[in-house]
C-alpha cells in the first residue's frame, strides 16, 4: 500500500505537467492565427521548425550531391600545421594560401581527425548538419528574447533557403562555424555575460575575419554599458585571446601570420562577385572604388551611432565617461538595443563590401528577419517585407550572378537601410524619466 502511494505521488507531478502542456497546446491551436503572428509563440514555432529541419537536412545530405570547393584546401592547410609548419607564408591548399586566423586552424584540425584526415565527407556533412541545427537554436533564442518578429517569418528563414543549406552541408565552408560562434556570443551578451560574450566574439573572429563587421556595434555597446575604463578589460579579453591562439605562428613568423590571416587589402575575383556584377571589371578592381566603399561604410556607421544608437541627448563623447558620472542615469541595455546595434553594424558592412561571394550569405541571412520586422514601418507591409526577403534569396541563388541580380540585391539592401534609418526607435527609459521629472 505504501509503495502504491509512493507511485501515485511520483506520478502526480508528471500528470500535472502533461495536463498543463495539453492545455497550452489546445490554447495554441485555438489561437492558431496568433500562433503565426505573435512573437510570444516563437519558441513553439521554433521547436516545430527545428524538428522539420532535422528531416530536411538529412534529406539534403543523402539526396543532393556534395560539391567540393574548399574542404580539401582546408584539410591541406591544417595538415601542414600538423606536420610542423608554423610559418603562415608556407601554408596553402589547392585553392591558394591559408588566409584565416589561428582559430580556424584548431577547429578544422579537430575536423581533420574526426573525418579520417578529411576523407570521410559524409561524416563532415553530419557534423555540419549538427552545427546548422545548433546555429538555428542560437538564433531562435535571440529572437525569443527580442520578441519582435512574427513566427510565420521563421519558415522562410529555415525551410525555404536552399542556398544556406548548401553552404552548411553541401559545401562545408568555414563561414557557418564563425557565425555559430558569433550567435553564441550574442546570446551571452543578452545574458549580461559580457566577458564570456567578448571571448566568444574573439573566437569567432579567429575563425574568419568577417565577424569584425559586428565590432563597431560591439564597441558602442561596451562604451554605453561600461564607459571607456570599464570597456578596456573586455576589449583586452578579445586581444589576449587572439594573441594566445596565434602564439605558435607569431613566434615563427609574426609578420607572415598577421599579413595572411588579417589581410584587409586582399583582392577578390570579379567572376565570383554577387553584389557588383553590373560594374566594369576594371572599376571593380580599382583601389579608388575600394576606398570610396570604405568611406561610405564608415560615414554611415558614424551617422547611425550619432543619430540612431545614441539617443540620450548628451554628446557621444559622454560614452567615454563612467556611466555613474553621466548626466543621464545609466540604464541596463535591453535585448533589442543589443541585437539592433549589432545586426545593423554588420548589415552596413555587408552593404558596402568590396565583394560578396556565395558563401558570404550566411554572414547576415539569419539577421534579415529582425532587420525587416523589428522596426515598425507602415509603408512596409508584411507582403513587401516578404518580397524583399524573396528577392534577396533569388539574388543569392542566381549563378552566375547577373547585372540584374546584383542590382536587385542592392535595391533590397537600400530598402532595409531606409527602414532602419526612418523607423521609429524609442528613447531610452532614462531619458523619458528625466523629461517627466522636468
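Using the three backbone atoms N, Cα and C, a Cβ is placed for every residue, glycine included.
What TrEMBL says about a protein is an automatic prediction, not a curated fact.
Record note: among 6-24, 63-81, 158-176, 177-195, 177-195 is the stretch given as transmembrane segment by TrEMBL.
Among the ranges 268-287, 288-307, 308-327, the one that TrEMBL lists as transmembrane segment is 288-307. Feature annotation (TrEMBL): of 201-223, 224-246, the stretch labelled transmembrane segment is 201-223.
Recorded stretches compared: 41-61, 127-146, 201-223, 288-307; the one with the most Cβ pairs under 8 Å to the transmembrane segment (98-115) is 201-223.
The stretch in 41-61, 177-195, 201-223, 288-307 that contributes the largest number of Cβ pairs under 8 Å to the transmembrane segment (127-146) is 41-61.
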